[in-house]
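**Q** Pasting a structure below so you can have a look.
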């Protein structure tokens, strides 16, 4: 490689490496790297690939569990045993920064990426979810982002053909510049038929399959060094285009090739493309590779070695095939009209040797590139922000209770954070696959049939960013608790989580404190609910210079299992005359509620009331009630408080309700407070006795609120809060009002 | 004066054009395998009132840059003639 | 009776149709690969929903030239039963096997939701047993589902009793508000003049299995089976 110019610490800095990292690279190589090699280290040691600023804390999360088949970090996605010889493979991932630039393609390629993580392991995706955060909905930029992101998710996911079964959308000014786009996918695979992201067997051919490689995702900024001429900067696409059609073909071809038994290991190409897949698979399999970069099918001419190595072109897979079975593999990809090219072979060197037209252009050790190997690990400084003192000084007494609570109810119903997300989810195919059991059964979680078994999966994504901002540790524990509550209310058993950790700049100690605190809260809650963390991703730098960091948002994607799909439980009131009970305790608390934030416009508050042990006990009570078939409907109290929960239960069947408030606490707190650990259930008259008897066998608080009524009116303490159909008309059309038909 | 602009908006050549790629692939079903590298864009015509051709050109440029093309992903070119 | 479900690249409701005919209805059913030229002796062919060839260019435009379509078209021209659901309907339109075309929805968005259908005639294999007074709850999921035909074609379709379904409200009233996509005269499904080719945008296969808590679509498939038995 003597012909290749050596790099300097200045180039390393241009590529985002620290001077000490440059020294370490020289030490590893025993010489100064050339530009190809330096580029390789720069991307592999970036936060995105190495988790260098987060791994210390991620390692503290609970990962053990009887159902775990692949633990966090071992594979592309978590793998959980669901019984009957089947496993569920699931993961959530962010695509925030691409979506901020070009919302349609950014969101679409996010959906593509997360689904590839699932089927690269051999699982067929069966459900998708997404969790979205946008700024003030009145801003033109926000409207542009919402429309683009939703259309992007829809167009990609719908064509790919996997139903979207759940999600959340939240608006707050802190996301004005940086929206959050988190996409989750879950798939099913037979235990023992998964494929690993590994590589071994000297002489085995290495294939690249799927789309041709272009100069996609090679970040102009980081690579605007002297090695890039003006011309080549101009042909670096700033946006990646997703092709869901190609992805669908790749899915079918991939699953077919796995069935053929010819595959040694496989990994999709996401961040850092070929180099990432080569190094991670080789490190895991403790082998090396010789790759001829000129054999990679390219979409653009004259691509440089480092461009081919780093390209993030979509819809590609790297497959190591057992030697002698090339014809089988090639026939399958030919059947699906996909590119399929041998680009190299497995070696016993534990090094990656890259050649271009026969010339060695890079020579790096695989192990030193990857997380858990030689990639750097940093302990970052963290410090409690000053604003926490202001949050903790909040007192409910300082907030005057409004005279007219009906007006508050109307305010919440027409708030985009509370109102129906119909405008969004009607653009997603939620029914393809004919497995979504919750299309016609409204439920707190998406429930997906596992065909051929008695089981169903329950899936949810949850995080109230405002709670996490108020108190990252409590707020993140609440996110886990709410996810578990949703699974339990739907009739399932919480099993495991995946997380998507969206934060600002980790080099700011106050931001890093939010991250560390959230991890602590997650650990605590996941331990309690016995829902190990199977993986996920970290997205830092969701921050603009003008507006500061976004609300910290550790999105929790939770998997639950219904051992008997008949226990699926819905949120809707069924019959007039059924009694309405609150399970859990009302609290004199309005902290961090939508009511406090948007009606009173208060922005300093602690997290809402939350007691992890009581929450857990309450879940056990709900599970028992569902198992004993003592409840007609179950719906958790979440954003907007009890009033919104009651309305959501009433609106499906045109029924109403009549309840009495609790005079020991403020009525605004009773109706609109967001204290955790509460669930609304309805009980048939003939089962009330048995219900009360069951509840008396445990310590969980419960109280009679009132009854479901035939009249479609909502009556609280003899005062009407409106007729359900009229309120629903408003609730259903709020987002249309902002975003158009 | 009234001018007519004939505008072509095309995906940038370095960007993947999934639609063009799928159409290219289908050509062999039609027995036209000698056709390749299909790329698909939009053709837009519009009328514009302006004092001079230069002024009309300026306005069409603005329309293209602001709305008709997404410059992150697309390029445009147009011809102008008097109506 | 043997059913065949054509699998185009990008079809994604093919397995749903196969599950319906095989597991729910207990019939013989086979997938038919788009590159093949053999209909395997099927009596009833389904073009399923999805995004054949990514729906690039125009929905259904590329699939219409898939190798197997030559045999499918011959089969239909000889009177064989052929049904297109959603993307399948779009393919039928592109192939000229049913009158009319499917345009972008009026709101230019993909729409997935339950809608209601009023069956317009029992004079077809798939509607023979369907209650004409009932509003069937059946989902749609499409971006290009606005039924369009020129005035002469539309008159012919109406005069020949070729309209199978129109969008209606839950009480069966055919109203402008219940038209989800701007289809002319609320048309949701039609047949050809010979009444052996059926196209519809809504997905009856998504409303047939009890696991989905909606079996309004089953009436169509039971019509097929009863007519044949």
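Numbering starts at 1 and runs along the chain as displayed.
Including glycine, each Cβ sits where the backbone N, Cα and C put it.
The model shown is predicted, which means the values in this text are computed figures rather than measured ones.
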**Q** Which one, A:523, A:539, A:544, is listed by TrEMBL in the same substrate site as A:94, A:95, A:96, A:97, A:116, A:240, A:312, A:313, A:314?
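**A** The candidate from A:523, A:539, A:544 that TrEMBL ties to substrate along with A:94, A:95, A:96, A:97, A:116, A:240, A:312, A:313, A:314 is A:539.
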**Q** Does DSSP give residue A:117 (Mg(2+) 2 binding site) helix, strand or coil?
**A** helix
**Q** Hey, does the domain 'PurM-like C-terminal' (A:202-353) touch the domain 'PurM-like N-terminal' (A:443-561), meaning at least 3 C-beta pairs closer than 8 angstroms, sequence gap 6 or more?
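**A** Contact criterion not met.
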**Q** Among the binding-site residues listed here (A:117, A:268, A:537), which has the Cα closest to the Cα of residue A:95 (active site, proton acceptor)?
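**A** Among A:117, A:268, A:537, A:537.
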**Q** In the domain 'Phosphoribosylformylglycinamidine synthase linker' (A:8-52), how many residues does DSSP put in helix, strand and coil?
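**A** Reading the DSSP string over the domain 'Phosphoribosylformylglycinamidine synthase linker' (A:8-52) gives 31 helix, 1 strand, 13 coil.
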**Q** So how many other Cβ atoms are close to residue A:95 (active site, proton acceptor), meaning within 10 Å of its Cβ?
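**A** Taking all protein chains shown, residue A:95 (active site, proton acceptor) has 30 Cβ neighbours within 10 Å.
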**Q** Check residue A:93 (Mg(2+) 1 binding site) against DSSP and tell me helix, strand or coil, would you?
**A** strand
**Q** Just jot down the residues in the same chain as residue A:117 (Mg(2+) 2 binding site), at least 6 apart in sequence, with C-beta under 8 A of its C-beta; none if empty.
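**A** A:76, A:77, A:91, A:93, A:185, A:268, A:270 - these are the non-local Cβ neighbours of residue A:117 (Mg(2+) 2 binding site), listed in sequence order.
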**Q** Within its own chain, what residues at least 6 apart in sequence put their Cβ under 8 Å from the Cβ of residue A:537 (Mg(2+) 1 binding site), listed in sequence order?
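**A** Within the chain, residue A:537 (Mg(2+) 1 binding site) has Cβ neighbours under 8 Å at A:92, A:93, A:94, A:500, A:501.
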